[in-house]
Structure formats: structure tokens, C-alpha cells
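Novice: The structure is given below, and queries will be raised subsequently.
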Amino acid sequence: MGNKPTISVSHLGCEKNRIDSEHMLGILAQQGYSIDANEELADYVIVNTCSFIQEAREESVRTLVELAEANKKIIISGCMAQHFQEQLLEELPEAVALVGTGDYQKIAEVIQRVETGERVTEVSQNPTFVADEMTPRYRTTNEAVAYLRVAEGCDYRCAFCIIPHLRGNQRSRSIESIVTEAQQLADQGVQEIILISQITTNYGLDLYGEPKLAELLRALGKVDIPWIRIHYAYPTGLTPKVIDAIRDTPNILPYLDLPLQHSHPAILKAMNRPWQGQVNDNIIERLKQSIPNAILRTTFIVGFPGETEEHFEHLINFVQRHEFDHVGVFTFSPEEETPAYQMPNQVPSEIAQARRNYLMEIQQPIAAKKNQKCVGQTVEVLIEQENPTTQEYIGRSIRFAPEVDGVVYVEGEGQLNSIIPVKITDADVYDLYGKVI
């Protein structure tokens, strides 16, 4: 056991990738490999790459090149390995193995083969694997927070997206499997779990013949975890049944992450999104009526091929009309394997960037107003960090998801990884400030 090499993992990309990294670490730790966060001390560095858009690929390439220059033995896993496969081995002699998105469960076997001198390619052309509660996992988030994947892959074919090509079709886990893992996390002291998949509202469709998110939420309501947050909720899947489950289940937070991407019907149709513009209006109004304290986050893509000033104006009005709590804006990234790459009327990047900046400017006063409404309120805050210099704590209220939203700066006595009452005394565009009650 002591002779096994030391492994480090460089995690890039989204939280779905993070879970893959955590499973690889768990499998290796269980099999007696030493894990070290310091890449300099590792015999092998697994780089779990992202290939969603050009910017993500560039970050992955930079990381790979830096490790290659340091003469590290590199195992490339994740979406770039799935995307480019043998091309990566040709361009990076230091890479000793490729592991696809549906093959990370074989990581220990891959390293054993590499140790015999083999240069390994372990990439399934159509990924089918989905980890469950039996797959070892070594969490890399703070003690109080964990991501919980309810399904892998995607059945939609949006015109700008290569995710189905990289991760395969949707494969849902059973309700029993997810609840069992949630209970395991509760037993580890986790205070918040974040449900993720490519389309969380489509959960169960492939397994049960119909979406089962409402049933899953009610089952998770029986697990002793204070906060359960839903990411990637498609508006068309927010049926009255799902909305009722969110409203009626105390530990399901009234926080919804809605990847709308645009508001104009013509752009949504060109994007091949599974709804049209007017549906967004109706669903968002219904959400606000059914869950008056709903916290809504969304993302938009600007500069999609064919987007005119009129289309963009429609989006501006939509954002102003609905006053989302949190908005992320991305410029369109042309991906070669997608229909959008070949579309006419490509928008110049400088125009797309200007539209992104303008939309973010429109959102800022809305976000500030939403945060300002919290001043004077006492809210529950999950304490995640302590600043040893100022004795100040940093945490999040239910308004804020990890990494993508703001934080709460807290004065007073608190305990890490616990949820405590905090009176909000001040706010800015992104963050809140308060004192322990």
C-alpha cells in the first residue's frame, strides 16, 4: 500500500465536474493511494477538464501546459478528454492517460495500467455510467455543503451546446438512491445540499417514464438536512405539482436557478430551446404568485447568431419587468460541433460584449434593491469561513448559492459550518452585512 503513487487532482469547470473529481478521489483513497492537494508533491496529476465553451478550454489548456512544463505525469479526464480524445495525447507527450466523462470510475485501473508503462485511452464513445451512493466519494467542498447529482447527461439538443455530445443522454438515479446519499451526507454533518443535473426538472423522465422531481423533493423532505437547493430548473418543468412540493416541503429552499438564456421567441426558437418567450412570462408570474418569497436566479446568452437590437431590447425589458434576484450574462461562444456555429448573421464579439456589459448594468440596481430589502431583517446564515484578522465570519443566507451569488459578512460569535440567526445591517449590489443575534 505504501508503494502506491501519490495523486493530486486539478478540478476545472462546473459542479458536475467537481462531483466526478470527488468520486475519483474517493475511489483512489479507498484503494490506498495517497492524495495530496499540492500538485508539486504528487506523482500523477489528474486534470479534470472543462470543454463547454472556448474560454473554459483555454483555462484547461493553460493548466495542462503549466503541468507539462513542470514535467508532471498528467492524466486528462473530463469533458476535454471526451471531446478531443487522441488529439490531446498527440499534442501533449506528458499526458499518460485519457479518461472520458463516462469512465472516471475506472481511474484506479487506469493508473495501474499506466504504472506498467502503457499509455491509456479509456473513453466510452457514448457515456452511460452514472455514479450512485455506493461510489466512493471524497468531498472537496467545505464540510457544511455538498452537491448531489440526481441525473447525468441531457436529452435536449440546444443549438449552441455540446453537453449531450460530451456527457451522453439523460440517466436518472432512483429516488431511493438519491435519498440514501442525502442521508449519508446528513450523517457527515452537511447542512446544505444542492441538487444538480443538466435539467433537474426533467429528473426521472428516462427512468420512470415521467418527470419525478416533485416526488423526489417530498422524499428529501424527510432527510435531516436544513437546506436543499435546486439548480438547473427548466421553466417548462416547473409544473403546479413541483411548485407545490417546493412550497410544502420545509427544507426545500424557495430558490430556483432558471437557465432561461433569452426572452425573445425568435432567438429561443433559433437556440432550439424547449419553450417560447411568452411561456417565460407566464411561468415566472405563476412562480411569484405560488411562492411569494421565491428567490430567482437566471442566465442569459447575448450575441447569439441573428440577435438584433430589437431582440436585445426585448431581453432588457424582460429583465426589468421580472426583476430577478441574480442574473448571469454570457456572450455566445461558437462551438464547432453545434448548429449555431454555422448559422448566418453571426454577431461581432465586440457587440456581444457591449450587450453583456449593458445588461449587467441594468441588473445591478435591481440586485441592489433586492438586497436592500433584507436590511433590518433577521435571517438564517450558514457560516462557512472565518477571517482570523478581523474575527469576522463569512457565510450565506438562503438568498445566495455557493460560488455564483453573494455572501453575508457577519460580526459576532459564531460557529463554522452551523446555521445561525443574523440581523442584516447593510447591503450592497452583491453582498449583505450583519451581526449575530
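The backbone N, Cα and C atoms fix where each Cβ goes, and this holds for glycine too.
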Novice: According to Swiss-Prot, CYS14, CYS50 bind [4Fe-4S] cluster 1; identify which of CYS79, CYS154 is listed for that same site.
Specialist: CYS79
Novice: Beyond CYS154, CYS158, CYS161, what residues of that chain have CB atoms within 8 A of the centre of the [4Fe-4S] cluster 2 site's CB atoms?
Specialist: TYR156, ARG157, PHE160, ILE162, ILE163, PRO164, GLN198
Novice: Would you list the DSSP helix, strand and coil counts for the residues of the domain 'TRAM' (372-437)?
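Specialist: Its residues fall into 1 helix, 33 strand, 32 coil.
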Novice: In whole Å, how far does the CA atom of CYS154 ([4Fe-4S] cluster 2 binding site) lie from that of CYS50 ([4Fe-4S] cluster 1 binding site)?
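Specialist: The Cα atom of CYS154 ([4Fe-4S] cluster 2 binding site) is 16 Å away from the Cα atom of CYS50 ([4Fe-4S] cluster 1 binding site).
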Novice: Let me know the model's mean pLDDT on the domain 'TRAM' (372-437).
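Specialist: Value for the domain 'TRAM' (372-437), mean pLDDT as a whole number: 96.
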Novice: Non-local Cβ contacts of CYS50 ([4Fe-4S] cluster 1 binding site) (under 8 Å, 6 or more apart, same chain)?
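Specialist: Within the chain, CYS50 ([4Fe-4S] cluster 1 binding site) has Cβ neighbours under 8 Å at LEU12, GLY13, CYS14, ASN17, ALA56, ARG57, GLU59, SER60, GLY78, CYS79, MET80.
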Novice: So, three-state DSSP: helix, strand or coil for CYS158 ([4Fe-4S] cluster 2 binding site)?
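Specialist: Coil, per DSSP.
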